[in-house]
Amino acid sequence: CAASRQATCGAGCIPIPWLCDGEQQCPDGTDEQCGCECCSVPSVCGAKKVQCPGTHHCIPHWELCDRHQDCEDGWDEEGCPQQPCLPGQWQCRNRVCIMAEWKCNGIDDCGDSSDEDVCAPCPPGMVRCDEGKCILESLMCNDEDDCLDGTDEPSTCGELCVAAGHCPCGWGRGEPQSCPASFCSAHVDIRSGDLYWLAFPHLSCPRTHVPCRDGTECVAQEYMCDGEKDCADGSDEDGCAQLCDTPGQPAPCQSHEYPCGPGACLNASLVCDGRQDCADGLDEGGNCSVPCQRSCAHLCYPSPQGPPLSPQRCWCDPGYRLAEDGLSCMDIDECTEWGEEACSQTCLNAPGSYSCGCLPGYLLEPDGRVCKLGGPEPMLLVAVQSELLSCGLRSGHEEVLLPTDKDRVVFSLDYDLVERKIFWMDLATESIRWQDFDLGKKGTLVKGVRSDCIAVDWLGRNLYWTDGAAGQVLATRLGAAWRGIPEYTVVMDGDLDRPHSLVLQPLAGLLYWSEVGSHPRLMEATMDGSRRHVLLAQGLGWPTALALDLPTWRIFWLDEKLGSVGSARLDGTGVKVLQLGWVQSPFAAAVCEGELYWSERKAWSVQRVDKASGKNRTVLLKRHGEPHGLQVPTWGSSEPCRTSFALSTNGCAKSNGGCAQLCLPNP
């Protein structure tokens, strides 16, 4: 290993900044042991800077390998890759190669912002860091280095609101206790150095989030009272046990249970049984001796309460709730009221109960609620530079399917469920290629194309791709072979505003895509390009990664500009957005069972979170290079394929729809 830039990690090497970063990369965990060199040497640098060895000089990460010696001994330029970029590519300051047309597209494709640092002014509401990155104005002077070079946190931030003289509540004028610092937000014009201030009556949170008590951050509404402290001050979990005593709040106990103190419930059959079960004894005494005389539909138990409450109360069996008349019981439709909390896939309501089911190819877990894929272990396919890797989602076992090749750049990828082939966009040769890993065969589908995303219609036997620069969606036959003449068709053209990510629903003959132009939106159309309509056009920044979750009939997206994960039903309703700090530069996404996976280019990793809550984040894969395309093939049972052909409305699924060449479904 290069001693000044790399550390030994088993049989390989890892970059020194990966040591003691809180994520284990070495199989034996030596990179995270407290005795490692990086932990024993105190750093004088912030979290986003690196220290030149043997000095107290700090440089931002983006100055590593920028062809300029910033450390006195040249440490920041040692061991840097020397491979030049291919024709049609542009080399970033950190020597990463990107497509030339990505320069100045408003997205940090390099990871160090060098492709955006000499471009047009930032969009409204954003400012440019000295190193070129655009950040939201609200991130200025928030005590965190959002610019890699720290220019969003200049020394003038310390002047606070006193200089402006117009903060609310007299804050900064001898009454610091009357108003928290979050009421004022500092804004600095980075280029001129001028300081100005905006006063806010409260922290502005999205409608799906609520502010923490200290006013410094927002958390999703779903995180309130979920048993985990998501606010730094823990205010999202304060007072949760007293919710049942709050006027207007529904009691947490079910119809067959008796409230037994804050947050506790007791089965109604244990009330007035002569034994004290509640800690405060409220389940006994009082009017317990009065016999039950009410005409209840289900159960009647005596109650300790006296006037004005009735000495008796009607109770309902589990799965029912008491009606307004206080006598009859109504069935609870758990499938409708609980949603995915009831069943992970299909839900069937029954009187007083419900049952969960699974789609073909899935098995119901012993808990009777969660469905898991049957057959072999589900595998994640991911492209990292020129490599194609697979990773077991349960075992974590990694395998290199395509080794490193300097003449190949694997970008977007997808798989053919029927013939078990993997297709990928090769930026180096500007072609879409494929390989059959069962038979060892490989080939080229089409040449002379550039695409941000490809998608396989394994049922209709076509492959689609987006061309963001041309504003098109195109398609060709999966069985096509390159003969020197392009054999593809333009499916959609004209009014597409930089189409980016693309996903297909072959069973229904539908396609979904994101647009990241001046008016970002999510779109739906039939696979022949007709019947287009807007699925979602609000609350989006740069939706760069899409994924379908057909078992729950939802579409997921990751937004690079807003740093969020969103989802909605396939009819555009039921929108849910979670702002997650680790969503920085997502490229591709996939959903499998209860998890959302995505490739994070800036962190050189593949990560996953719980698809419903956004919690339980895990770094699944980390490599020395940017990950791009990502998919989770369901390689298991062939039963889903047989069922799909029987249920499909894809008109091209049988005999190519009667077409001699290309068949595009129009269900």
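A Cβ is built for glycine as well, from the same backbone N, Cα and C atoms used for every other residue.
No curator has checked TrEMBL annotations; they are predicted automatically.
Disulfide annotation in TrEMBL: CYS265 is bonded to CYS253, selected among CYS253, CYS272.
Of the cysteines CYS212, CYS218, CYS240, only one is given by TrEMBL as the disulfide partner of CYS225: CYS240.
Candidates considered were CYS119, CYS122, CYS147; the recorded disulfide partner of CYS134 in TrEMBL is CYS122.
When the candidates CYS129, CYS141, CYS157, CYS161 are compared with TrEMBL, only one is recorded as disulfide-bonded to CYS147, and it is CYS129. CYS110 (disulfide bond) is surrounded by 28 other CB atoms, counting those within 10 A of its CB over all protein chains shown. For CYS134 (disulfide bond) paired with CYS260 (disulfide bond), the C-alpha to C-alpha distance reads 54 Å. Within 10 Å (C-alpha to C-alpha) of CYS260 (disulfide bond) lie the following disulfide-bonded residues from CYS97, CYS122, CYS129, CYS147, CYS225, CYS253: CYS253. Remote same-chain residues near the repeat 'LDL-receptor class B' (509-552) are listed as 106-107, 206, 340, 344-345, 359, 362, 371, 455, 457, 460, 462, 464, 466, 468, 473, 475, 491-492, 496-503, 558-562, 564, 566-568, 570, 572, 575, 577, 586-591, 596, 598-599, 611, 648-652, 664-667 (criterion: CB distance under 8 Å, separation of at least six residues from the stretch ends).
When the Cα atoms are compared, CYS119 (disulfide bond) and CYS253 (disulfide bond) turn out to be 59 Å apart.
Distance noted between the C-alpha atoms of CYS129 (disulfide bond) and CYS122 (disulfide bond) is 10 Å. In the shown protein chains, 21 other C-beta atoms lie within 10 A of the C-beta of CYS134 (disulfide bond).
Each of the disulfide-bonded residues CYS122, CYS129, CYS147, CYS225, CYS265 was scored by the number of other CB atoms within 10 A of its CB, and the lowest score belongs to CYS225.
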